[in-house]
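What TrEMBL records for A:Arg77, A:Thr78, A:Arg127, A:His155, A:Gln158, A:Gly283, A:Pro284 is carbamoyl phosphate binding site. Marked as L-aspartate binding site by TrEMBL: A:Lys105, A:Arg188, A:Arg242. Residues annotated as domain 'Aspartate/ornithine carbamoyltransferase carbamoyl-P binding' in TrEMBL: A:27-168. Positions annotated as domain 'Aspartate/ornithine carbamoyltransferase Asp/Orn-binding' by TrEMBL: A:175-321.
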Amino acid sequence: MPKASSSMTSPEFTYPEGSAAFPHRGLVGIAGLAPHEIMFLLDEAQQWVELNRHAQKRRDLLSGLTIINAFFENSTRTLLSFEIAGKRLGADVVNMAVATSSVKKGETLIDTAMTLNAMRADAIAIRHGSSGAVQLIADKVDCPVINAGDGQHEHPTQALLDALTIRQAKRAFNGLRVTICGDILHSRVARSNILCLTSLGAEVRVCAPPALMPADIERMNVQVFHDFDAALRNADVVMMLRLQMERMQGQFIPSPREYRHLYGLSLERLAKAESNALVMHPGPMNRGIEIDSNVADLADRSLITTQVEMGVAIRMACLDVLTRKARGLEGWA
Amino acid sequence: MPKASSSMTSPEFTYPEGSAAFPHRGLVGIAGLAPHEIMFLLDEAQQWVELNRHAQKRRDLLSGLTIINAFFENSTRTLLSFEIAGKRLGADVVNMAVATSSVKKGETLIDTAMTLNAMRADAIAIRHGSSGAVQLIADKVDCPVINAGDGQHEHPTQALLDALTIRQAKRAFNGLRVTICGDILHSRVARSNILCLTSLGAEVRVCAPPALMPADIERMNVQVFHDFDAALRNADVVMMLRLQMERMQGQFIPSPREYRHLYGLSLERLAKAESNALVMHPGPMNRGIEIDSNVADLADRSLITTQVEMGVAIRMACLDVLTRKARGLEGWA
Amino acid sequence: MPKASSSMTSPEFTYPEGSAAFPHRGLVGIAGLAPHEIMFLLDEAQQWVELNRHAQKRRDLLSGLTIINAFFENSTRTLLSFEIAGKRLGADVVNMAVATSSVKKGETLIDTAMTLNAMRADAIAIRHGSSGAVQLIADKVDCPVINAGDGQHEHPTQALLDALTIRQAKRAFNGLRVTICGDILHSRVARSNILCLTSLGAEVRVCAPPALMPADIERMNVQVFHDFDAALRNADVVMMLRLQMERMQGQFIPSPREYRHLYGLSLERLAKAESNALVMHPGPMNRGIEIDSNVADLADRSLITTQVEMGVAIRMACLDVLTRKARGLEGWA
């Protein structure tokens, strides 16, 4: 039976009973995090935002710890972000390459997990194409596991970095109107952001063509739109999702051109939101499809590169906090 | 003319005359190592087993040294193990990716070796699909070379980690009965283990279907079996080999199902061995083919994840010992 | 309008107006460097040549800095060289893998650049298949960018390491006769070497079959040959270029065999040059095509592995010098 907080389950995924997402097992999802825990991570990340602006960016907090980035799905930017985060904290970081993985030789995911564990990893960041795969691994290893994106389930560090980005610009989440537009159905980014932002008190609107909206979306604490113009009214933040290439083949949307017409963010459309509304996108962008170039490059209002910057800081905070217990420090309040 | 100790030569490989495997040229094979040299490496590894159980796992023994992992064959776990070993000793570790290698551009192996040498590597770990390739490189470079598996020749660090695993559980090798079952013909793991374990005084039995048994196996100091049940009688250790996918196509075995029936390790079959017999497998496993899941996961008796753990320690010991001369220290007694 | 110094432009590339190649934007090309700036970099590299011959090769000059190697084209040796250079200087080095890059997902190059920038890279080394791509990125990021080879434009660190190699052997560039032979048309190595060597006072001769010679080569300060024997007369240095596989298909040369006959460097042909003429090749070599094995392996006279060694030192010098400003030090005189 799924937990209350993970109501927007994809068919393949249900939370195992009683598995606390955090801190015992690392950070598998935003679901399970209390608002003060989210805010604690944002607060912790703030120091790294500052540090990263200097030439000397290294701290030796995690000196001698081994962090493994096991990415079963390709993702250059998220992998780079985790790798940089670990190295800046002084850890020994190793990447497990997907294409050469034993998984290709028929090894089970559990055996891969047991192998990483036996090498005495102190933290493992995992990206996997299947919802629930990260929890499966987290249940089998002794060290904290960070979900770097699993199937259509969660991408918690993305939601945290988005929250940090918003907090820097808007200060408070309470009553903030955030419109998330795009392929809500398949998006773990949407899912984690909905959980995070509603938990922090924001008013979240989701907008998608009917075929890309989850059937059970009503069970989440969001307002549902199919008309982007209506979804934008009074919005303080507009968060666009990437349209995956494989959805552009006619099964889900008629054509990229029509998608852009109905759900792309143009300057004209952005004008329907609040006059100082912020623009976000998790990247990589399809310029000219879900977002126009002149919107993506809007000075002051587009926070897309800020999101990338916050990403490194959030991952540093997560790696630091989650390994505190192993380092003999208190985890968190 | 092959050396006496490398009698189980594959057709393509013969040891060059007078090439001492170790310590002048690094660790190309178990062949050429005296029993006390093997024991010395196991003793050295023991300290790293302990260290790796702490959060702070880094020592600066190899600080400033450059270690190159040149893997011409894919192998996630062995590469990870070498990379982690080098980093925990404080070295600068770089991996040379296979898929992007100049070798793909038609460069000769010798030229690749000369290039790595000219970059002033202090140690090179090499995996290559051809038997003898590692010796070829070792002969051309100034630094110690560690064989991370070459063709059907040797995989010495695997044999050392297996020996360390056995020693932890059984204390003495003398008279220990070890049954190695699987594709003996193509297995460098089997070959290195036979050399290592017989050198240490164990009684080694090899078991394979006739098509997967080397023709000249009689020249090695082993007992040869085709009946797995007979090979298991009184065995103290059962070491299963991975059945390579490419052998499952009917040329060597009738079918995976029949292979499992005759040579797979089930609980029932394991009962034919000593009552406390240990189970080992170099990984990655084909669960349900060469080994059943309930055997692989046997508490206390399955040492499969321990093998992985010992692997990091053994590679740390090899990297430390082999670079001592370069660091102005005495190599070994 | 192209700058005067980049007269050998490929059709796709022109220098943007007013973009100083160095030091504000890093090292995009040899074009734009004054002779004393080139010599300064060679002088700086010399210390690293010495350091790299010791076991302890690490300096902490770049401790805490993040260096990203973004290679959009495969190149094992150049990537290894940059990675080793950065690590020996104590930096945190991360490689952005091509095959898994967001670029594959349709992201623009500029967006990739903005992403790397937002992660607060302190230097970026870039290899790209398109001429001008590196300048494009350099214009968008806040940190110095080093061109690790872009299309048919430039490969400045190759030219610098070649100059360092020549200087070690010959002391002075003035009046030195250097013959560069091979596919001049498509070679960024040739282009950067021509700019570098002529700038330092050498007499440069280029030799290629007519189809592999740029139409506007006359505008560069070189002597043009189609007859290799004539080009070799009195030459002090013979620099052979790699014949790319894709040129061997009959479009540019009749056959590899004929190419070797006319433009391959054999011992007999080398005898037409000065008696102590030096042999160079940027690697990887096609032995038996552009260069015979007995020439490539000539003791004392073949500097091919020395070039590799100088490569690490040159990249260390570039990374050091280019990040001085960020580290609060004076850049260079």
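Every residue, even glycine, has its Cβ placed from backbone N, Cα and C.
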CB neighbours of A:Arg77 (carbamoyl phosphate binding site) within 10 A?
23
Can you filter A:Thr78, A:Arg127, A:His155, A:Gln158 (the binding-site residues) down to those whose Cβ is less than 8 Å from some Cβ in chain C?
none
Environment of A:Arg77, A:Thr78, A:Arg127, A:His155, A:Gln158, A:Gly283, A:Pro284, the listed carbamoyl phosphate site - residues of the same chain whose CB lies within 8 A of the CB centroid:
A:Ser75, A:Ser81, A:Ala148, A:Gly149, A:Val189, A:Pro282, A:Gly311
Residue counts (helix, strand, coil, in that order) that DSSP gives for the domain 'Aspartate/ornithine carbamoyltransferase Asp/Orn-binding' (A:175-321):
60 helix, 25 strand, 62 coil
Take the C-alpha atoms of A:Gln158 (carbamoyl phosphate binding site) and A:Arg242 (L-aspartate binding site) and report the distance between them in angstrom, rounded.
13
Using DSSP, tally how many residues of the domain 'Aspartate/ornithine carbamoyltransferase carbamoyl-P binding' (A:27-168) sit in helix, strand and coil.
63 helix, 25 strand, 54 coil
Restricting to the binding-site residues A:Arg77, A:Thr78, A:Arg127, A:His155, A:Gly283, A:Pro284, which ones have a CA within 10 Å of the CA of A:Arg242 (L-aspartate binding site)?
A:Gly283, A:Pro284
Please report the Cα separation of A:Gly283 (carbamoyl phosphate binding site) and A:Arg188 (L-aspartate binding site) in Å, rounded to an integer.
13
Pairwise CA distance, A:His155 (carbamoyl phosphate binding site) versus A:Arg188 (L-aspartate binding site), rounded so that it is a whole Å:
6
Tell me the Cβ contacts of A:Thr78 (carbamoyl phosphate binding site) under 8 Å, same chain only and six or more apart in sequence, or just say none.
A:Phe71, A:Arg127, A:Ala148, A:Gly149, A:Thr157, A:Gln158, A:Gly311
Measuring CB to CB from A:Pro284 (carbamoyl phosphate binding site), give everything in the same chain under 8 Å that is also at least six residues away in sequence.
A:Arg77, A:Arg242
Cα-Cα distance maximum in Å, computed over every pair in A:Arg77, A:Thr78, A:Arg127, A:His155, A:Gln158, A:Gly283, A:Pro284 that the record assigns to carbamoyl phosphate:
16
Could you give the mean pLDDT over the domain 'Aspartate/ornithine carbamoyltransferase Asp/Orn-binding' (A:175-321), rounded to a whole number?
95
Within 10 Å of the Cβ of A:Arg188 (L-aspartate binding site), how many other Cβ atoms can be counted across all chains shown?
21
Among A:Arg127, A:His155, A:Arg242, which are binding-site residues, the residue with the most C-beta atoms within 10 angstroms of its C-beta:
A:His155
